[in-house]
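Below: one structure, written as structure tokens.
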Amino acid sequence: MRTGPGWLLAAAALPFFACAQEATIDKVHDTPAVRGSIIANMLQEHDNPFTLYPYESNYLLYTYTSDLNKKAIESYNWSDNANKDEVKFQLSLAFPLWRGILGDNSLLGASYTQRSWWQLSNTGESAPFRETNYEPQLFLGFATDYSVGDWTLRDAEFGYNHQSNGRSDPTSRSWNRLYSRLMAQNGNWLVEVKPWYVIGDTSDNKNITKYMGYYQLKIGYQLGEAVLSAKGQYNWNTGYGGAELGVSYPITKHVRFYTQVYSGYGESLIDYDFNQTRVGMGVMLNDLF
């Protein structure tokens, strides 16, 4: 597999973060969490040892897609009757395993993200789950405040990612990656880049990088109380990729109205090589900020 310069730069920077980050921030876990920083939030101390932290967004949407990938699920006895409307939801949580592993502003953490596409309206087929993706991670994270111009690097994360759909052949899909995640802020802007390097067996989906590329880019902007977001992945050599746009607005203190549009390849593992456009509306518990 090929690896881009972003991954090489991030890997080379790991010793620098381990040695230097302690001098740049005065005990992040003794101060309020930095807005939008996953790592700074996880460094906050709580009395309850079982406290879980949000990692990616947590949401529930009613969605409709332009096209359904029935060919990929033709081994299911209900595939011909699958509906284009689905409930899509994401659960994403993290837990700090060891705060201060490489200095006050570092941690060893684990996260678990699950995305599901549920045929809730398909009562004639007992409302099956068409696809669920399971994504555990183990990572080293650093909260930083290094600045270049008006931009401040807030999170630096280096870890291992496994993603699979938990199915047996012929619908089994999975891959393993080493990754880095760098997040920077400038006022109401947030930019995050997550390059990866694929490792291990990809026989279930040998050409997955053709459609999913070698990185994910995420951009967020806070406009008043609303949050506008965009993220996507793209392979510059093949011209394939996918993008997700989102808008959220608070309904209550802890619940936000959320609209999402996904277009392109790779919305789920079963659809990694399938092009579609999906529109959804629902609620969200946490956004980028």
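Placed from the backbone N, Cα and C atoms, the Cβ positions cover glycine too.
These figures come from a predicted structure and were not determined experimentally.
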Go through the topological domain entries in Swiss-Prot and note whether PRO170 and GLU267 share a side of the membrane.
yes
Residues near HIS162 (active site, proton acceptor) in space but at least six apart in sequence (CB under 8 A):
GLU135, PRO136, GLN137, SER174, TRP175, ASN176, ARG177
Helix, strand or coil for SER164 (active site, nucleophile)? Use DSSP.
strand
Same chain only, please: residues at least 6 beyond the ends of the transmembrane segment (189-198) with a C-beta under 8 Å from a C-beta of the stretch. Say none if there are none.
1, 3-4, 6-7, 10, 36, 151, 155, 161, 175-183, 208-209, 214-221, 288-289
Within the same chain, where does the topological domain 'Extracellular' (199-216) have neighbours whose Cβ lies under 8 angstroms from its own Cβ atoms, ignoring anything closer than 6 residues to its ends? I mean 6 or more beyond.
1-4, 6-7, 169, 172-178, 193, 231-236, 238, 240-242, 265-266, 269, 272-273
